[in-house]
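Report on the structure given below.
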Amino acid sequence: MKKVALVTGAGQGIGKAIALRLVKDGFAVAIADYNDATAKAVASEINQAGGRAMAVKVDVSDRDQVFAAVEQARKTLGGFDVIVNNAGVAPSTPIESITPEIVDKVYNINVKGVIWGIQAAVEAFKKEGHGGKIINACSQAGHVGNPELAVYSSSKFAVRGLTQTAARDLAPLGITVNGYCPGIVKTPMWAEIDRQVSEAAGKPLGYGTAEFAKRITLGRLSEPEDVAACVSYLASPDSDYMTGQSLLIDGGMVFN
């Protein structure tokens, strides 16, 4: 029987790459996304290629929706083994521009979404009578504060703390909790960050990317597949003796 994973924010970008990689690794995958159309498109692509996937619409900031999505995946795909709490938003937020609305939106998705995902996964693992793997999207910005990204960066510091605490709390249940910390990845989300940062600096598109890219030791932007390969490891038995860690997969932007 195939193992089952649910990936949030899997309708595009890093989430889609993770879903495709997990299918390649032998998982049946629930494509969970706020955008129902993109989720269905990714699930269809997987199914047509001979894999097994289902689409589920979810707003990760809504606890009930997250629990319902995980339960739907468990029942439809026949089990539950891994959750990847990947969904997130990253608006440019110079300190003086931060509003209560921006803080609420980012924290509701990036932080609460991870908490609800952790809780829903634990419930599903208990119903299945075994442990499992919880994998959270952090960021290099969750290790080192990034300019112009105060709210996003602080939300990812929070995710790293949640990952460590959950790892300690859930170890007795046979559940590991780890994170992955991308750098600059060629995705629609990064294109929007570049637009906002470039615009705020009064520079042409690409300025933001160029400024951040100066810090990449390997000298290139990340492909979504680079991140998916890291998550593949965290979802596999090879990482069974790892918990509470947030792995940097950023091309050498941050060294710890």
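First residue shown is number 1, and so on along the chain.
Quick reminder: no glycine exception, Cβ is built from N, Cα and C everywhere.
The NAD(+) binding site annotation in Swiss-Prot covers 6-33, Asp59, Lys156, and the record cites experimental evidence as its basis. Positions annotated as substrate binding site by Swiss-Prot: Ser139. Positions annotated as active site, proton acceptor by Swiss-Prot: Tyr152.
A Cα-Cα distance of 23 Å separates Leu6 (NAD(+) binding site) from Tyr152 (active site, proton acceptor). Distance between Cα atoms for Ala10 (NAD(+) binding site) and Tyr152 (active site, proton acceptor): 19 Å, as a whole number. Here the CA atom of Ser139 (substrate binding site) lies 20 Å from the CA atom of Leu22 (NAD(+) binding site). Mapped onto three states, the DSSP output places Gly26 (NAD(+) binding site) in coil.
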